[in-house]
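These notes concern the structure reproduced below.
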Amino acid sequence: MTSAAMTTRRRPRHDSVDGGGSLAAYLVAFALVGVCLAPAVYVVLGGFRTNSQIIQSPAGLPDPWEVGNYLSVLTGGLFWQQLANSLVAAVGTTLGVVVLGLMTSYVIARYPFRAKHAMYSLFAAGLMFPITVAITPLYILVRDLGLTNTLAGIIVPQIAFALPTTVIILVPFLRAIPRELEEAAFIDGASRLGFFTRMVVPLSLPGVITVGILAFVASWNSYLLPLFLLNDPALYTLPLGVQAFASQYSVDTARVLAFVSLSMVPALIFFSAFERRIVGGLTGAVKG
Amino acid sequence: MSTPEHVRSDVPAGPPAAGDGTGPVPSPARGPVRAAAARTARRRPVPWRRWLEILLLAGPGTAVFVTFVILPVLMAGYYGFFRWSGYGPPTEFVGLRNYQLILTDTAFLEALWHNAFILVMSLVMQGPVAIGIALLLNRRMRGRSLIRVLIFVPYVLSEVIVAIGFSLMLHTAGAVNDVLDQAGLGALRQDWLADPDVAIWSLMLILVWKYIGFAVILMLAGLQGVPDELREAAAIDGASYWKTQWYITLPLLGPTIRIWAFLSIIGSLQVFDLVYVIWGQYVADTAGTSTMATYMVANGRISGAYGYGSAVAVVIFLISLAVALVYQRYLLRRDTEGALTGGAA
């Protein structure tokens, strides 16, 4: 007990928190990680089995390992096409959100004019309009604009629906840029626009990356909007494609599992690349 | 007085030419003239230019937002008063008929009940567990950042992928029942997806699996905001670990918990993808997992009743709004300037 107290004094930061014994912490962490990963692992392993293996023992391991399912999906073209569609939609959405969101937030954050509070409230109110609520008339609107069965038809609404979060996150960010910096830039002869492009954009990069990632992930996982707007299988994004594949090959479980696990891969790669940003961004967004 | 004047008039002549190219061109000419008038507004460009910039910068974003978010919501309000198949302008005005039908349709009321169930159970099943796990993980341990990444994986996967994976596993001849058999728990076998007594719990299980990682990550982040000094002080004063958590950490975690609960509540009212992919448009009703959103799609778009579908959307929106406002009014207000009320921002 005394030695523990001594260590506490020497390294107070974390040992003081350590009460329940760290073995329990490891056990809980291990169990939690297991529960979180098991279904994904099941899907990936299932893709390496044959249908008869799956029928005989639904929860078994691959024996022998069968790569044919993955190969047929990878060489089929369908997967790559849907991957490309998803990428186009997500990149288009992200770029649009970042550019429009940054410009709009800059005005709200730093231009002195009366309507800006109203503008901020308007965007904040947008948080209350999830795409679910607007989808029926949105479909009509996009159809009347002739944009059904185009990727633009899902990109533009996705930008619109990502803007509220973007503005809410970026405005405080831009507001935090010190006045002195702005004054210095103006004294050096920069215009407000010049200040925007040369100072604000680089300085707000962390916030921009956060909102960009949020928009990318939202677009990547988006299902309802493509479901309403895309009838042409050639334009299907991965979520639609996965579902269509699953219902088309419902008897070929192994191949469905292979397709599903391959479509998890891009999201997982993207996530592991930006993990710090995603987690930090979410928590920042919540605390900010 | 002359000094700032002087500074201002020769400012635009110099470096800004190398600036952005578009902006500064007119200002050298107008600068001195207008500047004299707006002497007090030191840093501000002349008003018309400022308005042009505002329009240029905020115009596109605002236009896209208003057109594709605000307008459809207003359109939903308008279409909701019509019986309309979606082609040509809506003409058959039916007043409040659609709303009357929705609110007396047992299928909708069941869906609403399912949403309420999901809402409450999400809070009850995720909150305490997430807080407990976060408290346990909030210490220096090996592989901490790896753990954080791994428990976040379900949150990153799309609901469609999750739905397909789980529907294969929860199938009567699927992996879950197989595991139960092998573990000698064959008595626990269930028809996880089709049995109306069980299906909603299966849905809850999937939802918890998908979103608990998010809750844990939020709580962990909130815990980082709790100063170590406070816990140290409590420890020095002789408080036990659990007492410290209960009286110090938990109250300070309040804002995080309230925000998480808010996000969870709003999400619960919108559940769609999972249910629609697993149960489809018709089975959800009989399996007892239909939600307001699946009801809207099945009875709006799928049935070609766009007026009715719009009215359902309005009902969902009003319910969400009412819940959000009440929540903000009574719980969130002390944490943040309410986003909805615009706050003092």
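Backbone N, Cα and C define each Cβ position, glycine as well.
Note: TrEMBL annotation is automatic and uncurated.
Record features (TrEMBL):
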COMPBIAS  B:10-19  compositional bias 'Low complexity'
COMPBIAS  B:28-38  compositional bias 'Low complexity'
DOMAIN    B:112-327  domain 'ABC transmembrane type-1'
REGION    B:1-38  region 'Disordered'
TRANSMEM  B:51-81  transmembrane segment
TRANSMEM  B:116-137  transmembrane segment
TRANSMEM  B:149-170  transmembrane segment
TRANSMEM  B:198-221  transmembrane segment
TRANSMEM  B:259-279  transmembrane segment
TRANSMEM  B:305-327  transmembrane segment
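Remote same-chain residues near the transmembrane segment (B:259-279) are listed as 115, 118-119, 122-123, 126-127, 130, 158-160, 162-164, 166-167, 193, 199, 203, 206-207, 210-211, 215, 218-219, 287, 289-294, 297, 316, 319-320, 323-324, 327-328, 331-332, 335-336 (criterion: CB distance under 8 Å, separation of at least six residues from the stretch ends). Counted over residue pairs 6 or more apart, the CB atoms of the transmembrane segment (B:51-81) and the transmembrane segment (B:305-327) come under 8 Å in at least three pairs, which marks the two as touching.
In summary, the transmembrane segment (B:116-137) lies against the transmembrane segment (B:198-221): three or more C-beta pairs, each 6 or more positions apart in sequence, are under 8 Å.
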